[in-house]
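Report on one structure; see the data block that follows.
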Ligand SMILES: O=c1[nH]c(=O)c2ncn([C@@H]3O[C@H](COP(=O)(O)OP(=O)(O)OP(=O)(O)O)[C@@H](O)[C@H]3O)c2[nH]1
Ligand SMILES: [Mg+2]
């Protein structure tokens, strides 16, 4: 069976990649299965693109094989783009989705509904040893809810209402999320993913 390595330890992302590649008969392996003992790649870049590149290139070099990485996050207009590239660790290094959501709601307490516009951004990097890394960007526009709702997905999904919907991303099924998400919009642009297998 063909196999793709994704340089992530985020189970929520992994589940979405599994769904995307299943129809092609491709197995998705993440750092959770293949490289538990590796130290985390430090996300020292100042953009999604830089951090996706760091993760993909460092793991591709370590494993000496092609690797895909995903750097993503939530960009909130009323917060001048925060949490952005710091989305995973917004409320601290322990990376708690619950604490991140609480902090986001608190920081938007005074912001009325029509000013709560936001977008999820995902940049995918394909690193192949000896080749130049390629990047693909996907976006999903929406707004931040007043209260968390729903239990599907991960991260800020309970607070994110995609444009054109009344429900939060966490109230949508995984199939519905995967049709409109920033991650799916980035994946749809991958033209050269065969070189990952
Ligand atoms: O509600 C959400 N639905 C999504 O679809 C989504 N995609 C990203 N995010 C948020 O952005 C961080 C990524 O940060 P990130 O790219 O550094 O990933 P991470 O640190 O979780 O794992 P890794 O891939 O770096 O190992 C995540 O933790 C989440 O907080 C999402 N939230
Ligand atoms: Mg990370």
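Cβ coordinates are placed from backbone N, Cα and C, and glycine is handled just like the others.
Annotated features, as they stand in TrEMBL:
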type     : residues                                                    : note
ACT_SITE : 71                                                          : active site, proton acceptor
BINDING  : 8, 9, 10, 11, 12, 13, 72, 154, 155, 156, 157, 177, 182, 183 : substrate binding site
BINDING  : 42, 71                                                      : Mg(2+) binding site
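All features noted in TrEMBL, drawn onto the structure.
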residue : record                       : CB count, 10 Å
8       : substrate binding site       : 22
10      : substrate binding site       : 18
12      : substrate binding site       : 14
42      : Mg(2+) binding site          : 10
71      : active site, proton acceptor : 27
72      : substrate binding site       : 24
155     : substrate binding site       : 23
157     : substrate binding site       : 25
182     : substrate binding site       : 25
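Residues 8, 9, 10, 11, 12, 13, 72, 154, 155, 156, 157, 177, 182, 183 are the ones the record ties to substrate, and the longest Cα gap between any two of them is 20 Å. Straight-line distance linking the Cα atoms of residue 8 (substrate binding site) and residue 42 (Mg(2+) binding site), rounded to a whole number, equals 12 Å.
Calculated from their C-alpha atoms, the gap between residue 155 (substrate binding site) and the residue listed as 'active site, proton acceptor' amounts to 13 Å. The two recorded residues residue 72 (substrate binding site) and residue 42 (Mg(2+) binding site) have their Cα atoms spaced 15 Å from each other.
Close contacts with ligand 2, defined as a Cβ under 6 Å from any of its atoms, occur at none of the recorded positions 8, 10, 12, 71, 72, 157. Candidate recorded positions: 42, 71, 155. Those with a Cβ under 6 Å from ligand 1, in sequence order, are 71, 155.
The two recorded residues, residue 42 (Mg(2+) binding site) and the residue listed as 'active site, proton acceptor', have Cα atoms 12 Å apart. Residue 12 (substrate binding site) carries a helical DSSP state (H, G or I).
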